[in-house]
Amino acid sequence: MKKIILATSNKNKIIEFKKILSELNINTISQKDLGICSIEENKSTFLENALIKARNASKYGFPALSDDSGLIIKTLNGEPGVYSSRFSGNQSNDIKNINMVLKKMLPFKKMDRQACMHCVLIYIRNPNDPIPIISSGTIYGKISNSISKINFGFGYDSIFFLPKKKKTISELTLEEKIKISHRGIAMKKMIKFLKNEKY
């Protein structure tokens with residue numbers, strides 16, 4: 001059975017990855033289980049950050065799959081973007097980050113609240129792999145005025161409103177979320193690559 005390191009320490013992302021990859025004959029191992037420390041995400045794009053995370057994890061003898069994703073808000077000129085997980089500072093967490101977004105969006109309560117969530121996935125066979133497999137996914141919605149009382153998600157899910165669904169991402173079940181989310185879209189593309197990979 002093929003082994004892949006999941007280059008993330010985010011337990012919620014690991015749950016989603018394992019759920020989506022369950023259809024493949026792949027043994028997924030989180031980097032935490034191997035004692036791999038997270039690497040600093042100091043690049044300016046999701047692609048670059050995903051690449052350094054994948055290269056770091058793949059040093060430990062197995063191919064690695066990494067994710068870098070975030071929230072992009074039109075009226076905030078793309079914020080929080082690559083800083084999504086640490087938008088509220090060094091001691092950030094989901095609640096602090098959400099409150100920071102809602103605070104910054106207060107002046108735009110009746111204006112354009114369009115946003116998107118974007119995910120970049122990279123599969124790398126070894127640290128020197130010159131042809132990593134890359135996939136991405138984007139979902140569009142709006143920033144709600146308050147936090148949803150129903151929260152099955154994580155990150156910014158509880159304030160990311162989906163007009164077609166008339167609910168936030170956090171109100172979806174895991175199965176529903178995987179079908180339409182930015183990460184789910186990127187993973188479906190990645191699975192096609194992994195199924196047909198010959199190198």
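In case you wondered, yes, glycine gets a Cβ from its N, Cα and C as well.
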Further substrate ligand in Swiss-Prot, beside T8, S9, N10, K11, N12, K13, F154, G155, Y156, D157, K177, H182, R183, within candidate set S69, S88, S92: S69
Pairwise CA distance, D68 (Mg(2+) binding site) versus T8 (substrate binding site), rounded so that it is a whole Å: 9
Sparsest Cβ surroundings (other CB atoms within 10 Å) among the binding-site residues E40, D68, D157: E40
